[in-house]
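First up is the structure itself, then whatever we jot down about it.
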Amino acid sequence: MELLKALLLLSGVFGALAEFCVIPRIDSQLVEKLGQRLLPWMDRLSSEQLNPSIFVGLRLSSMQAGTKEDLYLHSLKIHYQQCLLRSTSSDDNSGCQPKLSGGSLALYLLALRANCEFFGSRKGDRLISQLKWFLEDEKKAIGHNHEGHPNTNYYQYGLSILALCVHQKRVHDSVVGKLLYAVEHDYFTYQGHVSVDTEAMAGLALTCLERFNFNSDLKPRITMAIETVREKILKAQAPEGYFGNIYSTPLALQMLMTSPASGVGLGTACIKAGTSLLLSLQDGAFQNPLMISQLLPILNHKTYLDLIFPDCQASRVMLVPAVEDSVHISEVISVTLKVASALSPYEQTFFVFAGSSLEDVLKLAQDGGGFTYETQASLSGPYLTSVLGKDAGDREYWQLLRAPDTPLLQGIADYKPQDGETIELRLVRW
C-alpha cells in the first residue's frame, strides 16, 4: 500500500513537471473534408504539380486514398528518378529544376520513408548523396563566419537535415553547426517577425538528431537549441491562439508535440492553438495542398518524426470524393490591383465573379493589356517572380498585401479577394 502511494506521488510530481502538447479532438467530418481536398490534386500527375508532401500528409493521417495513393507514389518515383538522372547529365530539363531543390528532394525522401522504404540500393545512395551535396553547397554559401545566406533558405536547410536523419543517415557536424548558429543568433527573424515555419522545421530536425545522438559532440548545443526554438514558438502565439499565423500553426504543433516540457505552459498553449485551428476549419480555411498535408498529421497525433519508424500497417479510413455543390450563378465583385514598386505605378479596378482567386484577377489584368506578370511553380503553389517587367532580385520577393498594409497569408492561387478590396503587389527585401 505504501509503495502504491509512493508511485502515485511520484507520478503526480512528474506530471506537474512535464506537460505534453495535445490538441482537442477535431470533428471527424471536418478532417474528412480536408482529406477530400487532396484527392483532386492526386489526379494531377504532371511534373509541375506533383507534390510529395501530399503523400506524406496522407500516410501520417487517419485516411487513405487506396490505389490512387499507389499511383501517385509511382508517378513521384518516375519523376524524381528521371530528374536526378538529367541533373547529372548535360541534358538540362527546366521542368525538373524546381523539383530538384533541396526542400523538394527532402520531401520526396520523406515520402519514400512514409512508404516504409529503406535505402540500400545505388539509386537510394544517389538520392542521399544529392541531398548531402545540396547541404554542402548551402553551407558554403553561408560561409565560415556565417556572414552569408543559404542559396535557398533555412527552412529547406532544416528540412533536408530532417530527411537525412529520418533515414538514419548521419549529417556532418559542420552542416548541423550552421543550423545551430542560426537558431542561437535569431537568424529566423525577418522584418521584426519570427518565421515560425522555419523555427519549427529547425526544431524537428534537431530533435531527430538528438534522438539518434548522431552528433554527440554537439549534443549540449542541440538540446539548448531545441529549448530555444520551443520558447520562440510559444512566444509567437497570438491572442487568437495560433502560432505566427494560422498556416504556420500545424508545423509549430508538430514540433511542440515531439517532446514534453516543463514550466512553459505547453499544454495550455497547444489546447488554445487547437481551438484556433478548429475555428479556421469551420470557416473553410486550408485549401492549399501543402498546408493541408502539414495539418493532417497532427490531427492524427503524429509528426514527421513518426517517419523514423513508420507504421505502414496502420488502419486508415478510405476517402471518397466529395459531392460537388450544385452550379449557381455567382455575383460580380470589384477588385483593385495596385503596384507602386515599379517604374510606372499601376492601379486598375477589375470586375470578377465572387470566389475568383487573385491569380484570376492577375490573368484578367494581363489579358486586358498594360499589365504583365510572371510566376514560378513551387510545392506551395505559383509565386510571383516579375511584375510589370520588374524581376525580384537576390533576397527580394513580391509581397501580396490587402490595402492599406495587411500581408496576405495565402498565395495568388489560393487567396480569394472580397468585394471592394484593393490588393497591392509590393517588391520587398528579406
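Placed from the backbone N, Cα and C atoms, the Cβ positions cover glycine too.
Keep in mind that TrEMBL annotations are predicted by a computer and have not been checked by a curator.
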As recorded in TrEMBL, which of CYS116, CYS208 forms the disulphide with CYS165: CYS208
Candidate cysteine (CYS21, CYS83) that TrEMBL pairs with CYS270 in a disulfide: CYS21
Which same-chain residues, if any, lie at least 6 apart from TRP430 (cyanocob(III)alamin binding site) yet have Cβ under 8 Å of it: TYR190, GLN191, ARG395, GLU396, TYR397
Spatial neighbours, same chain, of THR152 (cyanocob(III)alamin binding site) - Cβ under 8 Å, 6+ residues apart: SER101, GLY102, GLY103, GLU138
Cβ atoms near TYR154 (cyanocob(III)alamin binding site) (within 10 Å, other residues, all chains): 23
Neighbouring C-beta atoms (10 Å sphere around the C-beta of GLN156 (cyanocob(III)alamin binding site)): 23
CYS165 (disulfide bond) to TYR154 (cyanocob(III)alamin binding site) - Cα separation in whole Å: 16
Other CB atoms within 10 A, centred on ASN245 (cyanocob(III)alamin binding site): 15
Integer Cα-Cα distance in angstrom, TYR154 (cyanocob(III)alamin binding site) to CYS208 (disulfide bond): 17
